[in-house]
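Below you'll find the structure, written out as structure tokens, and then a few comments.
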Amino acid sequence: MKAMQESRAFLRYLNAQPKLVLRPSLLLLAPFLASMPLYVPNVRIMRDLIGSTSGVDPLVTAMAGASLLLSAALAFFSSRRPSWPGFGHRMLVGGAAGYVVLETVLWSTLSLGSLPPVWFACIGMVLAACSMPIAMAWVARYALDVRNVMFHGALACVGAALLGWALSLLPALPAALLGVACAGVGAGGALLRSGRDTKSVEDSMVACRNVADATGAVGAGIGAAVGNLMSVIWLPLVGFLICTFTSASCEFSIDGVTLRSEFIGGMAASIVAVALCLMHRKTPFVLLVDKLVVPGLIAVSVVLGSFPANSMPFVLGAAYIFVPMMFLSLFALASLVAIAAAGEFSLPFVFGAAFFSSNLVTLVGLASGGGLASSDTIGPVLWVVICCYFACVIVQLGYSSWRDLCRPYDDDAVEPARSAIDPDAIEEFRRLRIEVLADGHGLTNRERELLDYLSRGYGSSFIAKNLFISDNTARTHIRNIYRKLGVGSREELLSLFNEAYASET
């Protein structure tokens, strides 16, 4: 018992915090996002530049519809073939080349209003097919932990917002040149791979080949796969879909011309995300976002929205509404990428399911908002939907807090440290001890990651939440770790660290 208490005393100090490493090549995602016609603010920029909707409406509708069908087919196929790693390099090169050529043709012909709508509809459908391999390649390049994904994704979001803002301010010809340049750089960036990127992609492919045999894998069928995926990430994913619906159904700008709330909200949310990723903290990143940051951003939005209509705080609240929604979108997308990188769900399935949901909501939003035109009638309804979602977030926060307080002896309960020991020295010892145990007993990379959490005293539910895997998968990995290390309980596992620590001190 004493050994167990001493083990808990110094191990509770520690908390998982993956190292944040800047990868500049990942920021090339920004021009690709700025060039995607499927992103409704970009389409509105095209409409404003040419002063007509004759070519833009068929383009976005056809592209969203084609992307919906293709992503549904991709999700269904990958649910049946979870070992399929995704599109090959040749298809990626072909898609990138076709994407750049079609973007050039699109920007060149948008000013020719005499072309029939079917021309732009055909461009939209082919663009959808060409952009799928590129988008999935970008997801594979971002196959990192959730903190690194959110950090680089937020920086890319800032860059995309600035490029979109520049497109909205430039005349037609310079804007067309910038749009084509963004398409070329963004598509070409998906082809670039550093040595670290190549290893990451190879690890993802290995995970895809192994996921078919894992507990909760998608091989059981698309219904079970969607259920498992939603059980892990349903709340931020719903926020992302509401944000997509809001952007597609109506638009709002502070000055009525260039200060679009999507760009302002995206940049503000990205700045918050970057600051959060850079912050030195002891609280787990996912819990900090889930329990503090998201409720805080929502509280500000609710307060601003409670002021009388047409007042300055209310107008600021209308522009600010995209800040928590964009932050939730960043967190949801980062979580989805982290889920794919974790290996429980194959990358093609996660991408296909998320892309299908996004395109479906985009089409519904365009139909609800009367096309791409601004709508005043949908505003009150949309505010009710957003407030209902905010209420769900607050209720979920209260429920999870109540559950934790009512289960003080649950595996997830983490007692505060009771002794003043140097955390840095303990962290170094723990890291070395994990390497010795993992190398000596043949633990896999995923089992090393779980051992890191187990050595800190966390239980299966906490690990599943922070690694974006199901509880069943986490418990299966823990049983494998116990079997390989020759222990039968968490106390015996912690004693392996405590005994080694006691012998050194």
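Here the Cβ of each residue, glycine as well, is placed from N, Cα and C on the backbone.
Fair warning: this is a prediction, and the values are worked out from it, not measured in the lab.
Feature annotation from TrEMBL assigns transmembrane segment to 20-39 (among others).
According to TrEMBL, the transmembrane segment annotation covers 59-79 (among others). Within the chain carrying the transmembrane segment (59-79), a Cβ under 8 angstroms from the stretch's Cβ atoms is held by residues 37-38, 40, 43, 106, 120-125, 127-129, 131-132, 218-219, 221-222, 225, 346, 348-349, 351-353, 355-356, 359-360, 362-363, 366, 372, all 6 or more beyond its ends.
According to TrEMBL, the transmembrane segment annotation covers 91-112 (among others).
Annotation comment: TrEMBL describes 118-140 (among others) as transmembrane segment.
For 149-167 (among others), the entry in TrEMBL reads transmembrane segment.
According to TrEMBL, the feature transmembrane segment maps to 173-193 (among others).
The annotation transmembrane segment is assigned in TrEMBL to 214-237 (among others).
Annotated transmembrane segment per TrEMBL: 257-278 (among others), in sequence order.
The transmembrane segment annotation in TrEMBL covers 285-307 (among others).
Annotation source TrEMBL lists transmembrane segment at 319-342 (among others). Beyond its flanks by at least six residues, the transmembrane segment (319-342) meets 139, 142-146, 149-150, 153-154, 157, 200, 204, 207, 229, 232-233, 236-237, 239-240, 242-244, 246-247, 252, 254, 259, 261-262, 264-266, 268-270, 272-273, 289, 293-294, 297-298, 300-301, 304-305, 350-351, 354, 386, 390, 446, 467-469 of its own chain at Cβ-Cβ distances under 8 Å.
Annotated transmembrane segment per TrEMBL: 349-369 (among others), in sequence order. Sequence-distant contacts of the transmembrane segment (349-369) (same chain, six or more residues past either end, CB-CB distance under 8 Å): 38, 40, 60-61, 64-65, 67-68, 71-76, 78-79, 82, 132, 135-136, 139, 218, 225-226, 229, 237, 240-241, 244-250, 333, 336-337, 339-340, 375, 378.
What TrEMBL lists as transmembrane segment is 381-399 (among others).
Under the heading domain 'HTH luxR-type', TrEMBL lists 436-501.
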Leading stretch by Cβ pairs under 8 Å, where the reference is the transmembrane segment (149-167) and the options are 20-39, 91-112, 257-278, 285-307: 257-278
Closest-packing stretch to the transmembrane segment (91-112), where packing means Cβ pairs under 8 Å, from 20-39, 118-140, 173-193, 381-399: 118-140
Among 20-39, 173-193, 257-278, 381-399, stretch most in contact with the transmembrane segment (285-307) (C-beta, under 8 angstroms): 381-399
Beyond the flanks of the transmembrane segment (257-278) by at least 6 residues, Cβ under 8 Å: 20, 41, 44, 147-148, 150-151, 153-155, 157-158, 160-162, 164-165, 168-169, 247, 251, 285, 288-289, 293, 297, 318-327, 329-331
The domain 'HTH luxR-type' (436-501), counted residue by residue under DSSP: helix, strand, coil: 51 helix, 0 strand, 15 coil
